[in-house]
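A quick write-up on the structure given underneath.
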């Protein structure tokens with residue numbers, strides 16, 4: 001054997017040993033993992049699903065849940081609110097073929113972007129003589145020219161609703177006026193304070209004196225001015241930029257503007273049968289008059305507190321069963337979340353409730369993003385209302401059935417058979433109609449109602465593609481103009497062929513960061 005062959009054989013031996021050692025190591029690792037997994041399973045076993053027995057009284061699981069309500073009682077009026085929270089758009093501004101108004105232009109959140117608003121109105125060739133402008137709130141703040149936007153709105157005779165930014169600026173303006181009164185009180189009483197100090201008397205004069213203590217008035221004014229001097233508060237800067245006339249105009253804006261039905265010479269899409277404009281949103285199944293003003297200006301989502309209560313009740317029920325089965329072991333507390341959800345839905349269906357909130361569950365509005373988006377719930381609410389019957393529909397169906405019914409019995413002929421079949425079909429239809437639940441007064445008010453809103457720049461422009469059967473009842477127009485995105489307008493136009501609508505947008509300069 002040559003020297004080269006010997007060297008080659010000697011180099012193969014370490015490779016074989018390394019391969020054998022690697023295989024052994026991998027085998028030992030797999031064995032260890034299997035033993036560890038088995039040991040873990042023995043020491044901490046997975047909780048078995050808790051079986052529901054036929055004799056378990058599931059109907060009693062929800063018995064401890066107290067009835068809830070929202071928007072059913074009158075609340076004290078909020079300070080600084082307009083006299084009428086709900087206002088109606090004058091009929092002369094509603095588009096119609098009779099020529100009184102050609103177009104209704106509803107614009108999303110402007111936020112002081114006067115240049116963008118002017119460009120948008122120019123793009124659609126807005127004509128004050130034939131068109132009418134509605135602003136969905138948040139006309140002011142954040143952007144460079146809040147006063148200019150208000151001036152333009154007043155000049156064009158526009159309608160608008162109060163948004164959360166108008167509300168905050170108005171509150172700040174009221175605080176500034178209070179600060180001015182405090183300053184006047186301090187100046188008017190400074191001589192008295194000096195005299196009191198010089199005479200060594202008590203700082204308080206007479207408790208019956210209707211004026212504030214001079215030192216307290218000064219301290220209040222100084223503290224107030226320190227607050228106003230903070231440069232990071234745009235509300236203060238905006239409030240300072242607005243004239244008294246502009247403040248007065250803003251303070252009278254309603255929270256809800258009822259546009260109503262836009263008449264047409266043909267069948268309308270549901271969106272134009274019962275329209276309102278708000279800044280943020282509305283809570284389903286609550287009348288317009290009973291809506292929470294703060295929520296109307298600031299809501300984004302709805303939460304259902306009873307959901308948590310139902311889940312907690314089912315959890316307690318399952319934990320009690322697990323504890324009885326396992327004699328109080330640790331595993332008894334490990335109730336499976338999926339089983340909770342499944343049992344909640346099972347009990348709700350058994351009690352005639354809908355597990356997807358289409359029923360009468362109480363919804364509470366929230367400014368955050370947890371919960372369900374309010375506009376989704378509003379469309380689901382309209383879907384439910386589409387399955388109910390108004391009093392007028394019931395009366396119409398009854399009259400139709402009565403008119404179709406024969407007054408006397410006649411000898412049956414071929415013609416009579418046809419008539420009898422028609423009567424029977426009409427009566428069946430009437431009977432089916434009667435099975436539909438009549439609407440409540442609140443449902444009748446809100447039935448078919450479409451909401452045009454702003455406020456939610458993160459969600460952006462949201463315009464429905466489909467109408468009918470509860471769909472297409474919300475138009476979201478805040479497309480983030482102040483963040484450098486777009487300013488949007490819903491343009492509803494009366495044409496000879498009927499009512500048409502569309503969306504027009506313009507690009508905006510960024511004023512602030514999102």
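Glycine too: its Cβ is placed from the backbone N, Cα and C atoms.
Range 411-443 is the one annotated as region 'Disordered', of 345-377, 378-410, 411-443 (source: TrEMBL).
TrEMBL assigns the feature transmembrane segment to one of the listed ranges (12-32, 33-53), namely 12-32. Mean predicted confidence for the domain 'Calcineurin-like phosphoesterase' (103-232): the pLDDT average there is 76.
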